[in-house]
């Protein structure tokens with residue numbers, strides 16, 4: 001249960017076998033390839049082409065085509081999923097052999113051509129529908145005009161104008177027409193409350209005066225350049241064309257939806273192409289000449305034999321060598337824990353990889369996170385449902401390694417919630433007085449009673465104190481491992497004396513109110529505080545050359561120890577979350593019970609409502625039971641000993657965003 005031991009590996013070979021070697025390395029997923037070119041002076045490197053840009057461009061073009069088709073299928077087809085499948089994104093399980101053959105099985109270029117043609121036609125249909133809709137809307141106000149549109153044209157002596165005039169300007173417009181023009185008349189075709197649609201006939205001698213009047217009153221001319229028949233007939237024609245286009249639009253949608261059977265193959269093909277891109281681009285990290293290439297990388301010590309065998313399978317004319325990391329080198333980090341601790345690697349990996357020379361925090365985080373999670377959720381029913389649901393998701397849905405770890409973590413968390421629920425009497429938030437005697441006897445305290453609330457708070461504080469103490473202790477152990485014995489004894493040793501001393505003194509402050517005298521354990525606590533304070537003040541800032549600087553820095557370090565009080569108090573959130581779980585469920589039980597009091601129908605509706613409400617309660621409280629314990633690990637615990645900053649071990653591997661590779665025996 002530690003950080004895996006790493007070896008540096010160098011692989012040198014002829015350019016002719018590079019592709020075969022890279023294919024084997026990518027499929028084996030054992031070698032973390034470093035960027036060797038960054039370490040070599042540019043004038044030393046050969047100007048040989050590192051990557052075949054034409055082939056790389058072709059791969060990127062195919063990827064864009066695959067993305068287009070997948071996007072199209074995503075817009076037109078919604079897969080019907082079960083409840084479990086809808087919770088987590090599924091991946092396609094495929095063997096390595098099928099991954100390599102996916103292109104020839106898929107016949108992608110034909111699929112793409114068909115999808116592109118359908119997309120282009122669909123866009124044209126939608127464009128035509130929008131145009132027809134605009135024409136339809138523009139004709140609606142003119143349906144009362146019983147005149148062919150092609151006949152609305154000027155003659156030698158007269159002109160015709162159709163358009164809209166604001167209703168508010170109509171009276172003044174009518175008055176001006178009547179008073180200023182003698183050979184102009186108009187007819188109101190329709191009115192919609194804001195505008196009047198007018199049909200105006202005028203003599204050409206009055207064209208200028210009419211234009212002036214129209215301009216003054218906000219008249220907007222309306223024309224129908226593409227239409228010939230009467231507005232009503234043209235309207236019916238447009239409706240007929242629109243229905244035909246809508247039918248074709250729906251047919252195209254159905255044709256695209258029928259291609260949904262290609263989706264899984266396209267997802268696999270996408271990852272296959274991306275894997276080829278990675279295989280091409282990784283060459284940018286090599287040192288190369290026209291004839292040879294040199295790879296620098298890292299492998300786990302236990303994988304050395306497997307890597308050597310793989311390399312020599314590609315060719316006997318390859319040189320491979322291993323070495324230990326140099327003292328100033330920081331190899332990539334990968335965590336190795338047993339199958340019970342492995343799920344908790346999610347917590348560490350989300351925070352960041354540890355430094356290669358420090359402790360792996362995962363084994364210590366595991367029990368602490370479970371306790372915090374259990375206290376925060378703290379209900380037997382919720383814990384059982386969570387564990388069962390997570391187990392079903394794990395069994396039914398193909399997931400990557402991170403997803404599998406997280407679900408296993410939730411299974412453990414559900415078990416922790418069951419234990420905490422038994423000890424606190426949490427059974428789907430049923431009131432304690434309603435529990436059978438056997439369940440009451442298992443309970444250590446009732447968190448909703450005044451005494452139980454204080455007990456719960458003290459348990460949270462006690463747990464927080466122990467976790468902070470462990471964090472400082474781990475930092476001391478880590479210093480010992482690195483040979484920094486003095487740092488461990490003074491920097492962490494003083495804190496490890498101060499914390500229990502302060503705890504004993506706090507207990508004595510409450511104890512002394514009801515008892516006289518000073519017990520021995522209180523005196524021990526005082527001695528620990530004084531000793532820790534002296535060590536901190538005079539030796540914590542021992543790098544300072546002046547006594548004043550040493551004492552000043554030590555006093556500041558002593559003041560910083562007060563932050564442990566705030567860190568401990570922050571663990572009160574576990575009590576608050578545990579109480580919230582009970583109170584929310586209790587309120588839902590009351591609501592469901594009121595409905596179930598109604599005979600027959602009430603029982604059915606109330607039961608369904610209770611299931612729904614408790615599902616909501618579980619989701620709400622689950623978020624808190626994950627987020628807040630994680631915060632305690634990251635902010636309160638990890639900061640006491642975890643340096644971090646390591647580079648994660650990322651072996652050169654198959655791209656698996658959408659697929660899960662089935663093992664040869666699976």
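Easy rule for this one: first residue shown is 1, then count along the chain.
From the backbone N, Cα and C atoms, a Cβ is placed for every residue, glycine too.
Feature list (source: TrEMBL):
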type: COILED; residues: 101-135; note: coiled coil
type: COILED; residues: 235-262; note: coiled coil
type: TRANSMEM; residues: 368-394; note: transmembrane segment
type: TRANSMEM; residues: 406-430; note: transmembrane segment
type: TRANSMEM; residues: 453-474; note: transmembrane segment
type: TRANSMEM; residues: 495-514; note: transmembrane segment
type: TRANSMEM; residues: 520-539; note: transmembrane segment
type: TRANSMEM; residues: 571-591; note: transmembrane segment
type: TRANSMEM; residues: 597-623; note: transmembrane segment
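Beyond the ends of the transmembrane segment (453-474), by six or more residues, the same chain brings 359, 361, 364, 368, 371-372, 375, 424, 444-445, 447, 492, 495-496, 499-500, 503, 564, 567-575, 578-579, 632, 636-641 to within a C-beta distance below 8 angstroms of the stretch. Note on the transmembrane segment (406-430): residues 342-344, 346-347, 370-371, 373-375, 377-388, 390-391, 393-394, 399, 439-440, 442-447, 452, 456, 578, 581-586, 588-589, 614, 617, 625-626 of its chain, located 6 or more positions outside it, place their CB under 8 angstroms from a CB of the stretch. Counting only same-chain residues 6+ beyond the ends of the transmembrane segment (571-591), those with a CB under 8 A from a CB of the stretch are 372, 375-379, 382, 420, 424, 426, 428-431, 447-448, 453, 456-457, 459-461, 463-464, 467, 609-610, 613-614, 617, 620-621, 624-625, 628-629, 632, 636.
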